[in-house]
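Encoded as structure tokens, the structure appears first; notes follow it.
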Amino acid sequence: MLKKIKISLILALGLTSLQAFGQENPDVKIEKLKDNLYVYTTYNTFNGTKYAANAVYLVTDKGVVVIDCPWGEDKFKSFTDEIYKKHGKKVIINIATHSHDDRAGGLEYFGKIGAKTYSTKMTDSILAKENKPRAQYTFDNNKSFKVGKSEFQVYYPGKGHTADNVVVWFPKEKVLVGGCIIKSADSKDLGYIGEAYVNDWTQSVHNIQQKFSGAQYVVAGHDDWKDQTSIQHTLDLISEYQQKQKASN
């Protein structure tokens, strides 16, 4: 127990060095995570409860790469305005990590402002069936990107929160963007599972653990992302859900 407390304290102290930006903007909270990588957080309401949605953007020598989007189209312009105000650069690439609005909802907007937009073919198929705006470019489940001097990788670990959820790995920064397949450490349950594959979720998380064991930071898709026990907590939540399901049958 003391060991766990000590580890949590070390992580908390390390994260206090994060530089906060955009506090004056009520639509988006931006925090510098590492080097040129920033976490942005927006807020929306689901089933009467307010939640935070987290994603990241990377400032490169060519422009800004945005993973996912603010949660709610009313925040799109203020978000990109804030980026330009802080960095003097425009968004040149947007990548959606699955088909839900808090991830793919900005594809049309980013395309209109001149950014190249990307999703997996699986996400594109879902968006097409739902008659929603789609990315300009699609790729198979895994893809490596090189933008100027920066590199990162999109990886499909398997089904979990949705059939199409992917994660994004920044090797230089050792940062993993878990998206919604990774639950925050303060999550009480698995959240929305209307499109989830709970029986596949555990193996998918194990795939993430094995492939990115060197991650220094894991950014969960919602709520608290600074507590770095989110991967194990996700596994615990899946196990709890499965046990309850067995007990009720």
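Even glycines carry a Cβ here, placed using N, Cα and C.
Positions annotated as Zn(2+) 1 binding site by Swiss-Prot: His98, His100, His161. Feature annotation from Swiss-Prot assigns Zn(2+) 2 binding site to Asp102, Cys180, His222; the stated evidence is similarity to another entry. Residues or ranges marked as substrate binding site in Swiss-Prot (evidence: similarity to another entry): Lys183. For 1-22, the entry in Swiss-Prot reads signal peptide, with the evidence type similarity to another entry.
Where Swiss-Prot records a feature, it is marked here on the structure.
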| residue | record | DSSP (3 states) |
| --- | --- | --- |
| His98 | Zn(2+) 1 binding site | coil |
| His161 | Zn(2+) 1 binding site | coil |
| Cys180 | Zn(2+) 2 binding site | coil |
| His222 | Zn(2+) 2 binding site | strand |
Closest of His98, His100, His161 to Cys180 (Zn(2+) 2 binding site), Cα positions, binding-site residues only:
His161
For the binding-site residues His161, His222, which one has its C-beta crowded by the most other C-beta atoms within 10 angstroms?
His161
Only counting partners 6 or more residues apart, tell me which same-chain residues put their Cβ under 8 Å from the Cβ of Asp102 (Zn(2+) 2 binding site).
Asn44, Ala53, Asp68, Cys69, Trp71, Cys180, Gly221
Tertiary neighbours of His98 (Zn(2+) 1 binding site) (same chain, Cβ under 8 Å, six or more apart):
Ala104, Thr123, His161, Thr162, Asp164, Asn165, Val166, Gly179, Cys180
Cβ-centroid neighbours of Zn(2+) 1 site His98, His100, His161, 8 Å, sequence order:
Thr97, Ser99, Asp102, Arg103, Thr162, Asp164, Asn165, Gly179, Cys180, Ile181, Glu195, Gly221
Tell me the Cβ neighbour count for Cys180 (Zn(2+) 2 binding site), meaning other Cβ atoms within 10 Å of its Cβ, over all protein chains shown.
25
Return the residue, from the listed binding-site residues His100, Lys183, with the maximum count of other C-beta atoms within 10 angstroms of its C-beta.
Lys183
Could you tell me the C-alpha distance between His100 (Zn(2+) 1 binding site) and His222 (Zn(2+) 2 binding site) in angstrom, no decimals?
13
Cα-to-Cα gap, Lys183 (substrate binding site) vs His222 (Zn(2+) 2 binding site), nearest whole Å:
7
What other residues of this chain sit with their CB within 8 A of the center of the CB atoms of Asp102, Cys180, His222, the recorded Zn(2+) 2 site?
Tyr51, Ala53, Asn54, Trp71, His100, Arg103, His161, Gly179, Gly191, Gly221
